[in-house]
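Residues annotated as Fe cation binding site in TrEMBL: 239, 289, 356, 546.
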């Protein structure tokens, strides 16, 4: 099993390169020189941490006008800040710990503006709650990609849609060699942040090299999280399933299409093989940004939105970036036993597109026997255009038209009786949450178990991006929605009250970019979904992706 992904990727990519050069296609891989853009003055925020801020220029005035001062889609104003916030309302005294949120926070380098939401260099934001007080800080993650870009004033690694510009044909060949080895893939860990069972905090993205350990108290970058096994691989799921005991993830195989399912015990850096799932369709495995588990099973999705090595090699992004849509290859869901690694179900399902699974659980009959597995996700109605809608140009140019693709809580039911087909239906009427649904969290005590509540971002139409915070009740099939006109909320993160017996007894934390170019931390009651406190930031922050909770010990 050793190094299966890296070695097979080299074989596949070499074949593609040979085909490209045979047809003279390399000429289209060199873009024109970038035009210089205006730089704007920026006032310093003086309340900073121990070091002076590193100031970065904001976008062009034209972009600011289009954004109507919304800070969600602008680069972070300075590299770091720390200070206590004034709280309006009352924070629960039991809320003691740190909420960390990771996400792309710098979308330009030098005079060059990035194109896609997922390209930005990672910014960590820290909200530390203690005895009714709130300390906020933010800092850039010092990945190799970020440090190289800052030093050379240009992109040096391959990001989601950005590729270093080759100066000549020889440098292009050199970049191809680095791609084949994985050396040119970014380590920009801008997607998520998880607390491992041994207390280490790791920031992640879809490249395996982009696993970076940080200090949750200072936000210092400690160093790379180095896996000590010989499983190899270049990419993995951006969202592993993490508990106090283990870390489970999927490693796609691009050559012999399938996925390795692996587990890492708390306190180790060694991933251990559980089993392998072979894909049933298409030229490559489907994108697997996230996946669910139940108490006894790992659920492996196989979307028709599949990885594409040819697109990975291109210097300019395609509409689907590193992926291709293969509806004729059909869509599947596989269920693997955690203990044995055996596949207990592999079913065809209706076409679907999802970034984020919400949760999974086992359905049992009256005798307690498992008859089916349920998996819920934020499903975009099999519409792949959601990827391109996340281009920064689209996000910055909202003109009042409703352009956000529809989404729902998609519920898979995978029977374990040998049936060849599974079901996919809406778990509740999508109109309850404005036909928008993404960026979800649950009470972690219900991971892999039957649950009732989920917290996510929904939509109040018209919009071009999810703009509400939504509490989903999957029993009553209803939703409660929080909305601030013109604002963009980030992922609502649920923190349970210590000793709670009710699933929704806790608070929901989100960071809001408001229409005035400012921002604030918002705390909602997890049960009533009403605001109990907010705290204004010193300035608006960029939109963030995913977070974790580090309780105070």
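All residue numbers here begin at 1 and follow the chain in the order shown.
Placement of Cβ uses the backbone N, Cα and C atoms for every residue, glycine included.
Predicted automatically and left uncurated, TrEMBL annotations should be read as such.
Shown here: features listed in TrEMBL, placed on the structure.
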residue: 239; record: Fe cation binding site; Cβ within 10 Å: 22
residue: 289; record: Fe cation binding site; Cβ within 10 Å: 18
residue: 356; record: Fe cation binding site; Cβ within 10 Å: 21
residue: 546; record: Fe cation binding site; Cβ within 10 Å: 25
Shell list (Fe cation; ref centroid = CB of 239, 289, 356, 546; cutoff 8 A): 191, 192, 238, 290, 355, 357, 545
